[in-house]
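**Q** Pasting a structure here, questions to come.
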Amino acid sequence: MGRVISSWRVLAVVAALMAMAAVELCAAIPFDERDLESDEALWDLYERWQEHHHVPRHHGEKHRRFGAFKDNVRYIHEHNKRGGRGYRLRLNRFGDMGREEFRATFAGSHANDLRRDGLAAPPLPGFMYEGVRDLPRAVDWRRKGAVTGVKDQGKCGSCWAFSTVVSVEGINAIRTGRLVSLSEQELIDCDTADNSGCQGGLMENAFEYIKHSGGITTESAYPYRAANGTCDAVRARRAPLVVIDGHQNVPANSEAALAKAVANQPVSVAIDAGDQSFQFYSDGVFAGDCGTDLDHGVAVVGYGETNDGTEYWIVKNSWGTAWGEGGYIRMQRDSGYDGGLCGIAMEASYPVKFSPNRVTPRRALGAKETQ
């Protein structure tokens, strides 16, 4: 695997991770049992929360959402008070959203529905990492300079695009030695044959779009807007373009196979992120109650082990740096569940890249390139 980018850039990445942890702590709003003693105290906490997170609510909406806020605050308090679960929760910017609203707004890949409809693009045959042996005990592609900063999808169900981009950014850095931030908005606007922008999509389909359209452009050339738009062919054709040769799927329901892939590159995965404990995750190794309704696309960028021997996946999310551990979550590895915790090993895939990147614009967006 070796060095991906120069040492000074790796140091910059480590410094950025430390800065994100500081941002995460500042983003939390503390409360204690006195804030739960009465509805009046909870209402005061609710108003402090709105001011802290800059969440404007008109009077009628505040009253409508207050019930969800109370339930969430009590849930967070009881979880942290019990302790012993290896992870903590905190009152973040999602504080007055009920579970169904949260799932519909921020966990919108609709992966299960799209696969049931037979809309997943076919992968390249085989699993190129099948023969990998003697895996390192820990891998962190952030520290190898293959992961860009945490991004924020906003109120757009574009998690699939962010998951795709993390994996493509990673393999591009590994193959070329250059870390380049790529455009999620191009995928939202232009990859519309089988994906649906802010209404959901599949990472496999996005990989195939990138392959057949001759690459994906940079974030600076085609910046994120958190909304569906018309494909801007002028922006999308701007060079340089990062090229891939397709994608492969990780053998389903095998965390061992997933580890082989992650040891070699960041991997896109679909998970069930609709649980209340996932919504308010703060820090530690997450081992919450979640099913396998795969509704959210994220990327595994490493794995490791705590001092007490708990194994975990390092997962990059797209809900900004104020959520979780600076925008990341450590999820329990080898949990004993079929498909892994929250289904993390059920639908994993990664881009394959051997071809050089383009230094000239594409001919016409959407026209398939000859291979």
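Backbone N, Cα and C define each Cβ position, glycine as well.
As listed in Swiss-Prot for this protein:
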- 1-28: signal peptide (SIGNAL)
- CYS156-CYS198: disulfide bond (DISULFID)
- CYS159: active site (ACT_SITE)
- CYS190-CYS231: disulfide bond (DISULFID)
- ASN228: N-linked glycosylation site (CARBOHYD)
- CYS290-CYS342: disulfide bond (DISULFID)
- HIS296: active site (ACT_SITE)
- ASN317: active site (ACT_SITE)
**Q** Quick one, of the disulfide-bonded residues CYS156, CYS342, which Cβ has the fewest other Cβ within 10 Å?
**A** CYS156
**Q** What number of additional C-beta atoms lies within 10 angstroms of the C-beta atom of ASN228 (N-linked glycosylation site)?
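**A** The answer is 15 other Cβ atoms.
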**Q** Tell me the coarse DSSP state (helix, strand, coil) of HIS296 (active site).
**A** strand
**Q** Using Cα-Cα distances with a 10 Å cut-off, which of the recorded positions CYS159, CYS190, CYS342 are near CYS198 (disulfide bond)?
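**A** Within 10 Å of CYS198 (disulfide bond): CYS159.
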**Q** For CYS231 (disulfide bond), which of the recorded positions CYS159, CYS290, CYS342 has the nearest Cα in space?
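**A** Of all the candidates listed, CYS159 is nearest in space.
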**Q** Around ASN317 (active site), which of the listed recorded positions (CYS156, CYS159, ASN228, CYS290, CYS342) come within 10 Å, judging by Cα atoms?
**A** CYS159
**Q** In Å, rounded, how far does the Cα of CYS159 (active site) sit from the Cα of HIS296 (active site)?
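**A** The Cα atom of CYS159 (active site) is 6 Å away from the Cα atom of HIS296 (active site).
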**Q** Using C-alpha atoms, which one of the recorded positions CYS190, ASN228, CYS290, HIS296, CYS342 comes nearest to CYS156 (disulfide bond)?
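**A** Checking each of CYS190, ASN228, CYS290, HIS296, CYS342 against CYS156 (disulfide bond), the shortest Cα distance is to ASN228.
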**Q** Provide the three-state secondary structure of ASN317 (active site) computed with DSSP.
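**A** For ASN317 (active site) - judged by DSSP and reduced to three states - the answer is coil.
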**Q** Can you count the other CB atoms that lie within 10 A of the CB of ASN317 (active site)?
**A** 29
**Q** Tell me, how many other CB atoms lie within 10 A of the CB of CYS231 (disulfide bond), whichever protein chain they belong to?
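**A** Looking across every protein chain shown, the total is 17.
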**Q** State the count of C-beta atoms found within 10 angstroms of the C-beta of CYS159 (active site), not counting that atom itself.
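**A** There are 29 of them.
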